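Colleague: Sharing the feature lines straight out of Swiss-Prot:
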COMPBIAS  1-11  compositional bias 'Basic residues'
REGION    1-29  region 'Disordered'
BINDING   Asp76, Glu263  Mg(2+) binding site
ACT_SITE  Asp76  active site
BINDING   77-81, Arg89, His93, 121-123, Trp125, Arg127, Arg244, 250-252  substrate binding site
ACT_SITE  Asn124  active site, proton acceptor
Amino acid sequence: MATERNRRRKGSYPQLPPAPDDYPTFPDKSTWPVVFPEIPAGTNGRFARPPQHTSKEAAPQIPADQVPQHVAVVMDGNGRWATQRGLGRTEGHKMGEAVLIDITCGAIEIGIKHLTVYAFSTENWKRSTEEVRFLMGFNREVVRRRRENLNDMGVRMRWVGSRPRMWSSVIKEFDIAEQMTVDNDVITINYCVNYGGRTEIVEAARELAQEAVDGKIKPNRISEAQFAKHLHRSDIPDVDLFIRTSGEQRASNFLLWQAAYAEYVFQDKLWPDYDRRDLWAACEEYVQRNRRFGRA
């Protein structure tokens with residue numbers, strides 16, 4: 001905990017310095033799946049530095065106390081991206097994989113500690129059987145394919161969502177990834193698959209109601225803090241910065257409890273066209289906001 005306090009001390013800058021010019025870059029989208037480059041192993045107990053962006057741009061300098069600690073992202077626009085190019089919708093999802101890994105690298109470079117991404121909502125079951133089957137299998141394969149790369153960079157991986165209807169094979173891959181990365185502390189990434197904000201709140205309410213019926217808790221003593229303990233992951237901090245791509249401007253049932261006081265940044269790029277520089281731009285816009293939390 002002391003390390004985290006020092007990292008975010010006022011006046012300090014948590015950004016990684018510019019990478020050497022010959023340091024590996026990512027992503028090269030000429031092939032799919034996009035190949036993750038071989039990066040030098042970390043030294044002195046440290047994790048490996050992420051590959052730099054292909055542009056070789058470095059993260060902007062933002063004081064530690066102004067960097068959003070928790071960033072949530074609605075990765076929107078995959079289907080439209082594919083349709084605009086005369087491709088099937090699944091091709092857009094495929095291209096989005098590299099973007100997810102790229103913004104993870106960018107989040108590490110700028111000093112973000114928690115990243116939560118919306119990969120499959122409880123409403124997505126309404127899509128065609130073909131697309132749902134693809135998305136479930138795709139999430140499973142992405143976790144299996146990328147967990148070693150993310151582990152090398154000190155990423156802690158976790159699944160957030162509801163178990164009903166969730167494919168057991170997807171849960172299995174997330175369980176393996178979570179066990180592999182449980183001690184990593186560079187950044188925590190929460191992958192929301194079969195997630196819905198209202199469902200999360202209802203499930204928490206059911207648990208509390210049952211505790212009240214069992215006499216374990218008095219209804220009139222239930223607090224926000226007690227309620228939060230029954231969310232899918234009670235240790236997820238409140239969202240500081242909420243990003244949605246593709247130009248749409250709505251929350252779409254994502255992190256309704258955790259994002260109560262988040263700053264929203266809506267960006268026009270479709271998700272497959274997005275990269276870490278867009279994430280950094282959103283962080284710079286966040287710095288300009290005046291967060292009052294109900295105060296005058």
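Quick reminder: no glycine exception, Cβ is built from N, Cα and C everywhere.
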Colleague: Compared by Cα position, which of the recorded positions Asp76, Asn124, Glu263 is the closest one to His93 (substrate binding site)?
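Modeller: Nearest candidate: Asp76.
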Colleague: Residues with Cβ closer than 8 Å to the Cβ of Asp76 (Mg(2+) binding site), same chain and 6+ apart in sequence?
Modeller: Arg244, Thr245, Ser246, Glu248, Ser252, Leu270, Trp271
Colleague: Could you work out which of the recorded positions (Thr122, Asn124) has its C-beta surrounded by the smallest number of other C-beta atoms within 10 A?
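Modeller: Asn124, out of the recorded positions Thr122, Asn124, has the fewest neighbouring Cβ atoms within 10 Å.
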Colleague: At a 10 Å cut-off from the C-beta of Trp125 (substrate binding site), count the other C-beta atoms across all protein chains.
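Modeller: If we count other Cβ atoms within 10 Å of Trp125 (substrate binding site), we arrive at 13.
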Colleague: In whole Å, how far is Glu263 (Mg(2+) binding site) from Thr122 (substrate binding site) when you measure between their Cα atoms?
Modeller: 24
Colleague: To see if you understand the setup: which same-chain residues, six or more apart in sequence, place their Cβ under 8 Å from that of Gly79 (substrate binding site)?
Modeller: Arg89, Gly92, His93
Colleague: Given the recorded positions Gly77, Trp81, Asn124, Trp125, state which is nearest to Glu263 (Mg(2+) binding site) when distance is taken between Cα atoms.
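Modeller: Considering only the listed recorded positions, the nearest one is Gly77.
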Colleague: Just to verify a number: CA distance, Asn124 (active site, proton acceptor) to Gly77 (substrate binding site), in angstrom, no decimals.
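Modeller: Counting only the Cα atoms, the answer is 14 Å.
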Colleague: Name the residues of the same chain, 6+ apart in sequence, whose Cβ is under 8 Å from the Cβ of Trp81 (substrate binding site)?
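Modeller: Sequence-distant Cβ neighbours: Gly92, Met95, Leu270, Trp271, Pro272, Asp273.
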Colleague: For the binding-site residues Arg244, Glu263, which Cβ has the most other Cβ atoms within 10 Å, all shown protein chains included?
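Modeller: It comes out as Arg244.
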Colleague: Where does Arg244 (substrate binding site) sit in the DSSP three-state scheme?
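Modeller: Looking at the DSSP assignment, Arg244 (substrate binding site) belongs to a strand.
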Colleague: Relative to the Cβ position of His93 (substrate binding site), how many further Cβ atoms are located within 10 Å?
Modeller: 23
Colleague: Just name the winner among Gly77, Ala251 (the binding-site residues) by count of other CB atoms within 10 A of its CB.
Modeller: Gly77
